[in-house]
Amino acid sequence: MSRSAHPAGPRHADVLPEGHYTAPPADLNVLDPKVWSRTVTRDAQGALTVGGIEVARLAEEFGTPAYFMDEADFRARCRAWREAFGTEADVFYAGKAFLSRAVVKWLYEEGLNLDVCSGGELATALSAGMPAERIAFHGNNKSEAEIERAVEAGVGRIVLDSFQEIVRVAHIAQRLGKVQPVLIRVTVGVEAHTHEFIATAHEDQKFGIALAGGQAAEAVRRALKLDGLELLGIHSHIGSQIFDMAGFEVSARRVVQLLAAIRDEHGVELPEIDLGGGLGIAYTSEDDPREPHEIAKALSEIVTRECESARLRSPRISVEPGRAIVGPTAFTLYRVGTVKHLEGLRTYVSVDGGMSDNIRTALYDAEYSVALVSRSSTAEPMLSRVVGKHCESGDIVVKDAFLPADLAPGDLIAVPATGAYCRSMASNYNHALRPPVVAVNDGEARVIIRRETEEDLLALDVG
Ligand code: LLP
């Protein structure tokens, strides 16, 4: 996740601090389309517009900080994934990246399925009308109540994550007089090249059942024997923010090999494999993500090849992108409060949000871009650290980025690519009020998640 330190120099050139940054772009007013959502442009005065609406208007109407989501971009990304995988595969959007009822409706309309991993996500999906059979339910420790709710609702897949859960789901399904379609999540032993906390297919972690040592084969044996379960296939998710397809190839190969072993032992060809999500997006100009059609092609080629060599019928493939769909579709809009130049060190730009609306920088050392969006500027680039208003020095939104040196209190700045894992991981730290999510489309803006109020906070505090 890091860029190389670059000694070239804008303001403070003689005393550039340690950090990960490249040389400033030639023109700070130019927005890199890689990191901004599709309908973002700058108007003649240099103000950013999204969905045809200027940010100053959005700030005035909805306040800051706020997340603005480009609905046309979200829908276009859904369609790109759908079309890339065609009718022979299923795309499950991973709701943990960001979920709201409006999003569920968009997914439904664009032909995607939905992955949930908690009772709350399941409730949101069902309440927005997603048909239960298009929902898959994940999690390493689903409660009995959650499993019951999912089975009762008739979710299309429950992804079994442990030996205990195999029995638990089977019992609940039997008690409810149902046969629950399930997948077994396996850990394939791939070391994904990403942050340790978001890598999930190496063996020493909490998810899934290891292929190694015959554990997964044993789980299949047990699941096939239980009346309450219909074992449809095998699931693998290797991690998140991954650019290199090699890990997916190894994972697909190992999963297909397990299908072949199951066929040899039980005479059953399981009809499905789910290869998870985890595809990386561009947070900065340094990142080069793959397009859905390249990903679809690479995955289907490897599965076809492996199946041919094992003389297996090709299973139906599912994928579960979260970040790759929603991540690039939103930016967070902040208002600058203070600008502090620490001579010989760095410039701190404080905004009206922070780690409560974007924990990813503090938690994963994530990198983001940032731009002045309320006006253009011809001032020289100033290496800046964008920080929040929380009582913690690790409260950093963007570690190292260039902003114009005339940046001043009252300016609006925006951090792109915050659609995934920002609002969904937001907190009330310091009793911050979580920002709204506003969908912008074709000249119209509407709140899809409203801003929290002090009344909301006090309503939870029962005294
Ligand atoms: N499928 C499964 C089983 C998952 O566990 C995940 C993510 C996904 C799909 C979607 O992954 P995506 O395509 O969005 O990378 N909070 C972290 C990411 C945690 C991902 C957890 N599982 C972050 O902010 O980077």
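Just so you know, glycine gets a Cβ as well, placed from its N, Cα and C.
If you check TrEMBL, you get these features:
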type	residues	note
DOMAIN	72-327	domain 'Orn/DAP/Arg decarboxylase 2 N-terminal'
MOD_RES	LYS96	N6-(pyridoxal phosphate)lysine
BINDING	GLY278, GLU320, PRO321, GLY322, ARG323, TYR421	pyridoxal 5'-phosphate binding site
BINDING	ARG323, ARG360, TYR364, GLU392, TYR421	substrate binding site
DOMAIN	331-419	domain 'Orn/DAP/Arg decarboxylase 2 C-terminal'
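TrEMBL feature annotations superimposed on the structure.
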residue: LYS96; record: N6-(pyridoxal phosphate)lysine; CB count, 10 Å: 21
residue: GLY278; record: pyridoxal 5'-phosphate binding site; CB count, 10 Å: 28
residue: GLU320; record: pyridoxal 5'-phosphate binding site; CB count, 10 Å: 27
residue: PRO321; record: pyridoxal 5'-phosphate binding site; CB count, 10 Å: 26
residue: GLY322; record: pyridoxal 5'-phosphate binding site; CB count, 10 Å: 24
residue: ARG323; record: pyridoxal 5'-phosphate binding site; CB count, 10 Å: 25
residue: ARG360; record: substrate binding site; CB count, 10 Å: 21
residue: TYR364; record: substrate binding site; CB count, 10 Å: 17
residue: GLU392; record: substrate binding site; CB count, 10 Å: 13
residue: TYR421; record: pyridoxal 5'-phosphate binding site; CB count, 10 Å: 24
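In terms of Cα spacing, the recorded positions LYS96, GLY322, TYR421 that come within 10 Å of ARG360 (substrate binding site) are TYR421. Mean pLDDT, taken over the domain 'Orn/DAP/Arg decarboxylase 2 C-terminal' (331-419), works out to 97 on the 0 to 100 scale. If you measure from the Cα atom of PRO321 (pyridoxal 5'-phosphate binding site) to that of GLU392 (substrate binding site), you get 33 Å. Screening the binding-site residues GLY278, ARG323, ARG360, GLU392 for a C-beta under 6 A from any atom of ligand 1 leaves GLY278, ARG323, ARG360. Sitting within 8 Å of the Cβ centre of GLY278, GLU320, PRO321, GLY322, ARG323, TYR421, and not among those site residues for pyridoxal 5'-phosphate, are the Cβ atoms of ALA94, LYS96, ALA97, SER240, GLY277, LEU279, ALA324, ILE325, GLY327, ALA420. Following the DSSP three-state reduction, the secondary structure of LYS96 (N6-(pyridoxal phosphate)lysine) is coil. Here GLU392 (substrate binding site) is positioned 35 angstrom away from GLU320 (pyridoxal 5'-phosphate binding site), judged by their C-alpha atoms. Under the three-state DSSP scheme, ARG323 (pyridoxal 5'-phosphate binding site) falls in the helix class. For GLY278 (pyridoxal 5'-phosphate binding site), the spatially nearest entry among the recorded positions LYS96, TYR364, GLU392 is LYS96, judged by CA separation. Secondary structure at GLU392 (substrate binding site), taken from DSSP and collapsed to helix, strand or coil, is coil. When the Cα atoms are compared, ARG323 (pyridoxal 5'-phosphate binding site) and LYS96 (N6-(pyridoxal phosphate)lysine) turn out to be 9 Å apart.
When the domain 'Orn/DAP/Arg decarboxylase 2 C-terminal' (331-419) is classified with DSSP, helix, strand and coil residues number 5 helix, 39 strand, 45 coil.
On the backbone, the CA of the residue listed as 'N6-(pyridoxal phosphate)lysine' and the CA of TYR421 (pyridoxal 5'-phosphate binding site) stand 7 Å apart. If you measure from the Cα atom of TYR421 (pyridoxal 5'-phosphate binding site) to that of GLU392 (substrate binding site), you get 21 Å.
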